[in-house]
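**Student:** My questions will all concern the structure given below.
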Amino acid sequence: VADDNCLSFQRGYTCKTLVHLNVVGIGTFIYLNLMSNISLFLLSAALCYSNIERRHVASPSVIVIGGGFAGIAAAVALQDASFQVILLESRDRIGGRVHTDYSFGFPVDLGASWLHGVCKENPLAHVIGRLGLPLYRTSGDNSVLYDHDLESYALFDMDGKQVPQELVAKVGEEFESILEETNKIRQEHSEDMSVFRAISMVFERRPDLRFYISWKGLHTRYCSGTYAEWKAGLLQMLIPSRSKAGIRQEELLPGGHGLMVRGYRPVINSLAKGLDIRLNHRVTKIARRYNGVKVTVEGGRTFTADAAIVTVPLGVLKSNFIEFEPRLPDWKEAAIADLGVGIENKIILHFEKVFWPNVEFLGVVAETSYGCSYFLNLHKATSRAVLVYMPAGQLARDIEKMSDEAAANFAFMQLRKILPDASAPIQHLVSRWGTDVNSLGSYSYDKVGKSHELYERLRIPVDNLFFAGEATSIDYPGSVHGAYSTGIMAAEDCRMRVLERYGELDLFQPVTGQDSLVSVPLLISRM
């Protein structure tokens with residue numbers, strides 16, 4: 001990577017000073033080089049010329065755009081493969097939608113906080129294990145709630161009365177029956193369909209499953225609401241974590257799901273050591289040519305390299321804030337437009353002391369999904385008096401319009417519905433992934449009627465532009481390990497493409513990530 005005064009788009013171009021020397025004549029240059037009193041300036045120019053003529057001496061260069069897990073993984077892999085790498089990050093921190101905050105005096109994750117698949121097959125397992133970071137298991141492999149166990153919930157109605165645990169267990173059993181029926185529908189119908197339609201078809205076939213849960217005035221019907229709204233309360237806990245349940249099978253790693261007790265920051269910081277990272281560099285334009293790329297950031301500064309890897313979130317790509325010159329192909333723009341972006345936020349409440357039941361989750365069950373909610377009890381995993389309210393969908397969008405104080409008060413009012421004697425929090429934190437210009441959403445999902453292959457189309461390179469991030473992971477979208485894996489994949493694609501162009505495949509190490517490191521068992525527990 002060079003500044004505006006040196007290499008432009010190809011290693012065959014010399015610097016401006018050397019161009020002037022060539023005008024004088026190469027013979028004069030050689031003569032001056034043999035003089036015993038040659039100046040330092042001309043010696044530097046000669047060395048520059050020598051390096052350009054012997055292209056294999058200079059390493060290929062890459063610009064990585066975005067400092068989340070995908071960008072960091074790509075940068076590390078390429079730097080290890082002897083590439084010159086600069087990483088441009090728009091925020092004043094690395095991590096992207098992984099953000100561990102320490103303002104309470106201890107770590108809490110405002111973004112991603114789970115390792116989905118606590119096993120050696122998880123590409124992040126060796127990093128987490130090597131750092132000795134503990135995890136707290138919140139579910140096993142076969143939980144109907146994906147990363148939670150239904151048995152770990154305490155559910156309450158709007159009057160603060162706890163739903164009997166036997167009723168909760170019964171609901172879980174019934175819902176598993178519903179999921180089995182949706183799988184049959186998936187096998188019988190080739191067309192795509194929504195969760196609402198799939199479950200409605202189940203109720204038409206199996207009227208015995210079309211029921212209301214009734215307990216002292218509590219009514220929750222399964223066939224109400226949209227997927228985004230179902231991410232709350234009792235029904236929220238039972239709907240799978242993808243927008244097309246029963247239509248395609250979720251790719252899941254074994255080992256269940258573990259909460260990062262100390263947050264994800266130690267992981268991202270460990271990976272990023274030794275990288276050339278430029279914070280507060282918001283990219284506004286990416287110009288690609290056959291022989292290189294030119295990246296412009298706010299303020300007008302430019303960076304040039306042989307190739308670039310784009311790892312910004314899908315929401316940022318959708319916003320068209322970054323100008324591509326020339327425009328991306330129609331098929332790439334269609335992939336960006338047709339993939340969906342979901343929103344889930346966290347309102348983290350820190351209390352002086354614990355006053356709630358010793359369970360992992362507290363759920364509010366109401367007649368409407370908007371009235372439902374749930375709280376993650378971090379005290380179980382971290383011994384801190386913290387509850388995390390996690391709104392999603394339209395509710396999350398509406399809360400983002402509030403101030404932090406109003407949002408925290410809204411969450412506290414939801415808590416008071418089930419625990420009327422709850423004491424007020426002493427501190428709070430509020431995430432705003434939907435309106436944050438650096439993310440414009442929390443995670444990607446495939447829309448009803450759109451192909452799941454869109455993830456792969458978003459990943460496919462365009463000339464010397466490569467793409468990575470959770471929205472390019474066809475197997476593990478919406479996950480940290482999915483993002484990390486695509487970074488490694490993009491780095492290898494980039495390495496092959498660049499070195500093939502320069503005929504230097506034998507001179508540089510292949511991209512391996514850190515798979516060759518000795519595996520260290522993960523430290524996971526549950527109380």
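Each residue, glycine too, has its Cβ placed from N, Cα and C.
Under the heading transmembrane segment, TrEMBL lists 29-49, 61-78. The annotation domain 'Amine oxidase' is assigned in TrEMBL to 69-494. Taken from TrEMBL, the feature FAD binding site covers VAL283. What TrEMBL lists as substrate binding site is TYR389.
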**Student:** Do any residues at least six apart in sequence from VAL283 (FAD binding site), in the same chain, have a Cβ closer than 8 Å to its Cβ, and if so which, in order?
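**Tutor:** Residues satisfying the criterion: ILE65, LEU88, SER90, VAL295, THR296, VAL297, VAL312, ILE322.
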**Student:** Near the residue listed as 'substrate binding site', which residues of its chain come within a Cβ-Cβ distance under 8 Å, counting only those 6 or more away in sequence?
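**Tutor:** Looking at Cβ-Cβ distances below 8 Å from the residue listed as 'substrate binding site', excluding near sequence neighbours, one finds LYS346, ILE347, ILE348, LEU349, SER373, TYR374, PHE375, ALA411, GLN414, LEU415.
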**Student:** State the mean pLDDT for the domain 'Amine oxidase' (69-494).
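**Tutor:** It averages 87.
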